[in-house]
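One structure is given below, encoded as structure tokens.
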Amino acid sequence: MIQTITDLSALRALVTGWKREGLRVALVPTMGNLHAGHYSLVMLARQYADRVVSSVFVNPTQFGPNEDFARYPRTPEADMRGLEDAGCDALWLPDVDTMYPLGTALATPIHAPGVSDVLEGVCRPGHFDGVCTVVARLFNQVQPDVAAFGKKDYQQLAVIRQMVADLAFPIEILGGSIVREADGLAMSSRNQYLSADDRPISAQIRKVLLQMRDSHAAGVPRLQVEAAATQALEAVGFRVDYTALRLPDLSEPDDGASNPAAGPRVALIAARIGSTRLIDNLEF
């Protein structure tokens with residue numbers, strides 16, 4: 001039976017008890033409205049720890065002024081059932097006062113330079129500062145040995161890894177594989193915003209990522225790969241924030257042309273269809 005905890009002292013007592021027994025503890029941070037991708041992270045964490053804590057907290061500091069904080073779906077009962085089925089031991093449900101005891105205006109910010117300042121960092125200024133700030137607080141609250149994050153948010157995972165390395169958090173960071181719908185659309189809590197007309201079009205993102213991979217392998221120059229991807233998405237109705245072919249650390253390759261022998265790459269896309277913003281990526 002999953003334990004639901006809303007009091008920080010109770011959470012710390014639970015985790016302290018586990019650690020006194022020599023048990024390893026994992027954390028899976030979420031914002032709720034969970035789906036199979038989230039549950040796969042719980043199952044991944046279970047492979048590296050004896051106990052798994054998942055947090056559900058819709059973090060106001062990572063939403064921009066024109067973003068969807070107010071309408072972000074909250075489904076606590078369904079989340080709890082799904083987490084229990086996935087093997088989660090405890091559900092941590094902090095409120096805003098617990099997470100930000102001095103208020104969000106006085107919250108000590110954390111910024112991960114470089115990796116936070118490109119791609120999503122340009123499109124959503126301050127977003128990753130909010131992510132780092134809340135994740136650092138969750139790390140301090142739960143004191144996990146392991147934490148799992150999804151690779152669908154590729155840049156977020158890179159930001160978290162940099163923060164953990166720089167601030168010497170004694171936490172192993174796991175990256176969970178992207179879980180997809182049958183047509184290739186990456187699972188996301190925001191997919192439910194898609195209209196009936198937009199839903200089939202959304203699967204084109206995955207197809208364009210595969211085209212980017214194949215073009216790179218064929219030696220097409222990087223800028224041409226990105227331009228063709230943008231054109232393909234716009235042709236079916238997307239408004240494109242970016243298409244990018246990057247090194248795994250998200251820096252731009254210094255070779256003007258693609259070079260498959262030069263090492264791994266990651267293709268990343270952020271685009272809007274209707275009122276819904278979707279992100280996805282492909283490592284190769």
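Glycine is treated like the rest: Cβ placed from N, Cα and C.
Annotation comment: Swiss-Prot describes 31-38, 150-153, Val179, 187-190 as ATP binding site. Taken from Swiss-Prot, the feature active site, proton donor covers His38, and the record attributes it to sequence analysis. Annotated beta-alanine binding site per Swiss-Prot: Gln62, in sequence order, evidence recorded as sequence analysis. Positions annotated as (R)-pantoate binding site by Swiss-Prot: Gln62, Gln156.
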Greatest C-beta neighbour count within 10 angstroms, which of the recorded positions His38, Lys151: His38
Length of the line joining the Cα atoms of Lys151 (ATP binding site) and the residue listed as 'beta-alanine binding site', in Å: 18
Ser189 (ATP binding site) CB neighbourhood, other CB atoms within 10 A: 17
Integer Cα-Cα distance in angstrom, the residue listed as 'beta-alanine binding site' to Met31 (ATP binding site): 11
Secondary structure of the residue listed as 'beta-alanine binding site' (DSSP, helix/strand/coil): helix
The residue listed as 'beta-alanine binding site', number of other Cβ atoms within 10 Å: 21
